[in-house]
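J.: The structure that follows is given in the form of structure tokens.
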């Protein structure tokens, strides 16, 4: 009974009339287009897991033996923030109730411990700082992402430069879905989260265009963060402004007029719509809406940075100052972007990792 139910579910999920154009079946894609060649298959996606482990191992080696020495040569130290003195009562409040107690709770703790309120505020500030990564750690993370994004982007450009669909997007749909995929296989696996749908549905040509376009600005953001951690503020500002320009041009200009034009209109003309075509384009249009939101936030950040004279620091590991702590319980100054509980930003990583606040 269970096997029959599983088979029925599998047949429903992989319904050919949803995933493939009319008059095309999965059996058509089971053959080989040529000697040593084959079409994409769902099982190939499992190759992403060992590849991810391999990339993770390379990252660990890169951060330890390349990024860390570079950071040290730039004068970035691995010293962590001042640690809070052990206190069981405050530790319990910090881990179980709140990391930023309000005035009423501070007064209660002050009476319970016979401590001054400012001393308790200072303890919580030091305790919060203990959980934040050091500037050295963040520098190593950003240097890895910068290197990875840069290599992936130029790899994509190097491959796509000779691909006919890079210059004529109508080529994405000629003879679809009977296209070879082996040359794109590694590039697809490297960014499997973005292109799983295009891979499973053999939309590998248009998938490579989407990937390359989205890689164009990421390494510039990481370059800005590296300059920020190394305290090269002018270089940081320049990279961030360049990132903003490239992001807006690629996401609000090239993406809708090049990518969406071919997926919505050229594909309709050449192969016609089918159920998964609507899903695919719905996801791409949703992505365009996110591009508009992210672009607005980046423009707002750039404007405030110009008004203030600089882009400020990454909130994830900046230690809090005592003057900042004494005001935080009532009116702390908010950054341009709010951050999540783990300190990461709320716009898909497209502003350098945290709040952009005024200098103190």
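Glycine is treated like the rest: Cβ placed from N, Cα and C.
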J.: Which one of 142-161, 202-221, 302-321 shows up in TrEMBL as transmembrane segment?
T.: 142-161
J.: Among the residue ranges 92-135, 224-267, I'd like the one that TrEMBL describes as DNA-binding region.
T.: 92-135
J.: For the annotation transmembrane segment in TrEMBL, which listed range does it cover: 278-299, 322-343?
T.: 278-299
J.: Below 8 angstroms Cβ to Cβ, which residues of this chain, lying six or more residues outside the transmembrane segment (238-258), approach it?
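T.: For the transmembrane segment (238-258), the nonlocal Cβ contacts are 169, 209, 213-214, 216-217, 220-221, 223-224, 227, 287-288, 291-292, 294-295, 298-299, 301-302, 305, 311, 350, 352.
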